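Visitor: Have a look at the structure that comes next, please.
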Amino acid sequence: MNRAPLKRSRILHMALMGASDASGEAQASEEKPFLLRALQIALVVSLYWVTSISMVFLNKYLLDSPSLRLDTPIFVTFYQCLVTTLLCKGLSTLAACCPSFVDFPTLHLDLRVARSVLPLSVVFIGMITFNNLCLKYVGVAFYNVGRSLTTVFNVLLSYLLLKQTTSFYALLTCGIIIGGFWLGVDQEGAEGTLSWVGTLFGVLASLCVSLNAIYTKKVLPAVDGSIWRLTFYNNANACVLFLPLLLLLGELQALRSFAHLGSAHFWGMMTLGGLFGFAIGYVTGLQIKFTSPLTHNVSGTAKACAQTVLAVLYYEETKSFLWWTSNMMVLGGSSAYTWVRGWEMKKVQEEPSPKEGEKSPLGV
């Protein structure tokens with residue numbers, strides 16, 4: 001029996017809610033030999049790691065390289081959104097011409113849909129802009145700690161906006177993350193490398209990442225549950241909304257005096273950054289599809305650890321024991337939260353529903 005394809009809307013729901021498709025995974029395991037499946041998973045996870053880490057280092061080069069000296073973070077973000085929009089439209093056209101070779105939804109710019117997606121697009125702009133601004137002002141090694149409060153904001157906003165409560169153990173893991181964040185800030189300050197501006201942008205980026213997850217679930221029906229349609233409209237809206245910011249912040253004027261404006265290498269790096277931005281969405285969904293949301297989160301935590309070590313080695317930095325402790329607290333707390341949520345979801349799924357006429361121990 002052929003396995004039903006996993007819809008991207010289901011993938012996003014699984015990623016946001018922390019529920020795994022256990023039956024689908026078991027069926028896939030039965031259909032494919034173990035070695036083949038292990039090889040596929042290894043390749044997909046490796047692709048996710050390479051894409052994500054490369055994107056961070058490339059963005060750091062574009063935003064804060066002494067050789068470029070380009071002080072236009074909004075333009076860099078705008079250009080990456082433009083590349084993603086053009087890629088989506090190009091793949092849609094290619095799919096219409098060669099449907100047997102390319103599987104991609106048909107994309108037509110509908111102003112009514114664009115208006116429906118607009119509130120999410122504003123949050124999306126904040127997320128990618130604050131991410132890049134954080135990376136501009138802090139080192140790659142501290143970047144993970146600077147943006148580590150996403151889980152905490154997820155819990156807080158779930159309660160404030162969705163009235164969803166969180167278990168004691170999950171709250172305990174959030175406490176570990178907050179402790180690791182403050183210890184990391186303290187150690188960056190002790191080493192004289194702390195940027196309060198960059199740290200603030202990191203906190204704002206974490207808030208926007210959490211808001212983005214919440215509003216994505218609300219907006220998905222407007223694009224028929226298609227992640228690619230949502231990606232297209234989000235980035236198209238962002239391109240339009242970035243234009244007045246470029247004028248107000250004077251970045252277009254700064255570009256005119258930029259020494260490497262006519263350099264093919266510069267535009268090649270800019271375009272490559274846009275390609276990575278497009279690819280990260282695809283490989284994230286791919287990793288969830290071939291593993292599970294829980295495994296994806298664990299892989300992301302391990303990737304962040306590897307990224308931190310690579311940054312310290314690449315930039316030849318020396319860090320204290322307490323600095324490394326702060327990173328381990330953040331990574332450990334994030335992993336523990338993922339495990340606790342996965343365990344709670346599994347427990348809920350395994351609990352039999354009460355029979356009609358019977359009451360639960362809570363009297364409900």
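From the backbone N, Cα and C atoms, a Cβ is placed for every residue, glycine too.
Annotation comment: TrEMBL describes 38-62, 74-96, 116-134, 141-162, 168-185, 197-215, 235-252, 264-284 as transmembrane segment. Taken from TrEMBL, the feature domain 'Sugar phosphate transporter' covers 40-334.
So that I understand the layout, could you describe where these features sit and how close they are to other parts?
Guide: Within the chain, the transmembrane segment (38-62) has long-range Cβ neighbours (under 8 A, six or more residues past its boundaries) at 32, 68, 70, 76, 132, 135-136, 140, 143, 269-270, 272-273, 276-277, 279-280, 283-284, 286-287, 290-291, 299-300, 303, 306-307, 310-311, 314.
Here the transmembrane segment (74-96) has long-range neighbours at 59, 62-63, 102-107, 128-129, 132, 228, 231-232, 235-236, 238-239, 242-243, 245-246, 249, 251-252, 255, 270-271, 273-275, 277-278, meaning same-chain residues at least 6 beyond its ends whose C-beta is under 8 angstroms from one of its own.
Sequence-distant contacts of the transmembrane segment (141-162) (same chain, six or more residues past either end, CB-CB distance under 8 Å): 56, 131, 134-135, 170-171, 173-174, 177-178, 180-181, 184-185, 188, 193, 198-199, 201-203, 205-207, 209-211, 213-214, 304, 307-308, 311-312, 315, 317, 319, 326-327, 330-331, 333-334, 337.
Long-range Cβ contacts of the transmembrane segment (197-215) within its own chain (Cβ-Cβ under 8 Å, at least 6 residues beyond either end) map to 16, 119-120, 123-124, 126-127, 130-131, 133-134, 136-138, 143, 146-150, 152-154, 156-158, 161-162, 185, 188.
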Visitor: Using a cut-off of under 8 Å between C-beta atoms, tell me which stretch among 168-185, 235-252, 264-284 contacts the transmembrane segment (116-134) the most.
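Guide: The stretch I would name here is 235-252.
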Visitor: Would you mind listing the long-range same-chain contacts of the transmembrane segment (264-284), meaning Cβ under 8 Å and 6+ residues beyond its ends?
Guide: 15, 44, 47-48, 51-52, 54-55, 58-59, 61-62, 68, 76, 79-84, 87-88, 227, 231, 296
Visitor: In the same chain, who gets a Cβ under 8 Å from the transmembrane segment (168-185) while lying at least 6 residues past its ends?
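Guide: Apart from its flanks, the transmembrane segment (168-185) reaches 142, 145-146, 148-149, 151-152, 155, 194, 199, 322-323, 325-334, 336-337, 340-341, 344.
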